[in-house]
Amino acid sequence: MIFRSKAPLRLGFAGGGTDVSPYSDEYGGYVLNATVDMYAYCTIEVTNDNRVCFYAADREEIFEGNSLEEFELDGNLDLHKGIYNRVVKQFNHGRPLSFRMTTYSDAPAGSGLGSSSTMVVAILKGFVEWLNLPLGEYDVAHLAYEIERIDVGLSGGKQDQYAATFGGFNFIEFYKEDKVIVNPLRIKNWIINELENSMILYYTGVSRESAKIIDEQTKNTKEKNSRSLEAMHELKADALIMKEAILKGDLKTFAEYLGKSWEAKKRMASSISNSYLDKIYEVAIETGAYAGKVSGAGGGGFMMFIVDPTKKITVSRELNKMGGHTMNFHFVKHGTQGWRV
């Protein structure tokens with residue numbers, strides 16, 4: 001038997017960082033994001049040789065071993081192992097499974113599109129299909145969060161898991177005790193078309209480790225760093241304004257607050273921007289972009305810009321001279337999907 005699954009990556013428009021503890025526990029967080037037609041993919045081929053093989057095709061990393069109740073997390077494909085460990089323990093009565101798994105993603109790790117969390121969701125969805133697990137969207141997203149953040153111990157927020165699971169444009173609220181509310185936004189097609197037409201997605205060519213940035217941000221929150229906290233309060237307020245703007249099709253306000261959000265985000269942690277990203281931003285604005293920001297924790301990965309559609313090619317041409325490259329994309333309405341072959 002073969003089971004396949006995929007989960008969409010997301011663009012973070014506003015509020016990113018307010019979904020990270022301890023901020024979300026103490027103040028509550030708001031995030032506005034949308035999924036795009038770039039995915040994390042998983043294939044599970046069921047075997048009967050009492051072996052497990054994880055193959056991350058895009059990273060050319062492989063792990064093979066005898067089927068065990070639990071694999072040690074030693075730095076080699078820990079996310080894959082962490083998911084396996086949890087699934088075996090929680091849903092298979094501790095009985096080892098035998099299979100070969102292949103995974104890959106349309107975006108590199110460190111892209112700022114939520115690629116690692118989205119991969120966890122895709123792999124989990126594969127197991128849901130195979131083992132027929134009775135898990136709804138909230139269950140899958142929360143389980144993905146627990147595996148990545150608690151079991152495997154990677155720092156980060158919660159928005160990516162929920163975006164990948166639910167799909168579409170979402171306004172997501174985060175509160176203490178792991179309370180999360182996903183509000184799917186009903187955005188008119190003309191607004192989605194206009195936003196798509198007005199957006200440039202630019203890969204800076206620089207991968208980064210979001211965990212380091214998030215650790216600095218968490219430290220600032222715990223120490224009640226006023227500059228960092230005020231910036232996070234501002235990001236949260238901006239998310240509300242941008243939600244209203246996108247629902248009404250007011251892209252002028254949407255762009256204005258996207259730019260404001262980026263300025264606020266840079267105050268959250270010193271590693272969020274750098275001279276290379278600042279230069280890219282400068283070139284985009286000089287050639288006609290209204291505003292922009294980095295998607296995800298910052299430090300590199302993808303940047304997005306809002307431009308007049310008639311200037312899109314001109315701005316893209318200049319950005320492509322900066323060492324990275326623009327990427328075509330479309331927004332998608334569906335979240336993670338799984339099927340058997």
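A Cβ is built for glycine as well, from the same backbone N, Cα and C atoms used for every other residue.
R10 (site 'Transition state stabilizer') carries a strand DSSP state (E or B). As annotated by Swiss-Prot, site 'Transition state stabilizer' applies to R10.
Other Cβ atoms within 10 Å of the Cβ of S111 (ATP binding site), summed over all protein chains shown, number 24. Summarising the annotation, Swiss-Prot assigns ATP binding site to G110, S111, G112, L113, G114, S115, S116.
Swiss-Prot lists S116, E148 with the feature Mg(2+) binding site. According to DSSP, E148 (Mg(2+) binding site) sits within a helical segment. Counting only same-chain residues at least 6 apart in sequence, those with a Cβ under 8 Å from the Cβ of E148 (Mg(2+) binding site) are L79, G82, S116, S117, V120, L154, G156, Q161.
Summarising the annotation, Swiss-Prot assigns active site, proton acceptor to D160 and lists similarity to another entry as the type of evidence. Cβ environment of D160 (active site, proton acceptor): R10, G114, S116, S117, T118 lie under 8 Å away, each six or more residues apart in the same chain.
Within 10 Å of the C-beta of R10 (site 'Transition state stabilizer') there are 32 other C-beta atoms, taking all protein chains into account. Less than 8 angstroms from the CB of S115 (ATP binding site) sit L9, A40, S105, A107, P108, A109, each of them six or more residues away in the same chain. The secondary structure of G110 (ATP binding site), as reduced to three states from DSSP, is coil rather than helix or strand. Using a 10 Å Cβ-Cβ cutoff, G112 (ATP binding site) registers 29 neighbours.
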